[in-house]
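Working notes, beginning with the structure itself.
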């Protein structure tokens, strides 16, 4: 039986699918807790080792070496540890990369690059990153780019098109701050972060850029980590209203909430499996299913639903296990 990817994406690259949780930690104790939770959930979420907010001033080198040691350790069981570096205006950003690579002798799953500027600025930084990797004979891993400046938002579509870029994140608080009072502080939190027109425009611009180029749209953090279901509710709105498939986490409690928000419903998984089995039996031509017409457009949608469910270790019907 022909694999769905061969049929449904024969004329285009299949979109990137990543875990829905991008969990940030810069303190060694918090990182170890996150690693233990990653094991308990069988690698269902990613961890970003944070150099930008994790290092105190003057201790950037020690922090970078520590992250390199963690990256190289046996605790990195799933090879899903990314690293957020300092922005390109920071004096230590290249040393961040250099020290992590030299210490770990391997690359992270991804580099998170904050505060990028124009497309030209981004390309220049990527060239420098490539050289830093060439110097130690390591391949450049995927790049995740944090959109939080006016210039980056303006060029988000072009940045998403870069082949080295796998994901775009939205930096809500820096974005609001960059408007110098034109956007109220309440727009840094819910519900206004979804309802304020200027913030909603930015979120949609990033999501649409990612959709156009098959990249992953990564939603900003929920700063309220004490209120139960705050992250869940934000993640659901980000998914259902703004087209995001991934979200930042800053507290262990948020990991489960975000996973739950992005996990496809069991009924949707069962529907997708049954639909695609009939589609495969019909050689992927248009079919009538439950009284409605379906073709390759809907097949693609439901195939991606199954892939996301599989990535989150959600149980799949045994009838489609041969596809995974």
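Using the three backbone atoms N, Cα and C, a Cβ is placed for every residue, glycine included.
What TrEMBL says about a protein is an automatic prediction, not a curated fact.
Features as listed in TrEMBL:
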BINDING   84, 148  substrate binding site
BINDING   148, 174  Mg(2+) binding site
DOMAIN    33-251  domain 'HpcH/HpaI aldolase/citrate lyase'
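Across the domain 'HpcH/HpaI aldolase/citrate lyase' (33-251), the model assigns an average pLDDT of 98.
Residue pair residue 84 (substrate binding site) / residue 174 (Mg(2+) binding site) shows a Cα separation of 16 Å.
Ranking the binding-site residues 148, 174 by how many Cβ atoms sit within 10 Å of each one's Cβ puts 148 at the top.
When the alpha carbons of residue 174 (Mg(2+) binding site) and residue 148 (substrate binding site) are compared, the span between them is 6 angstrom.
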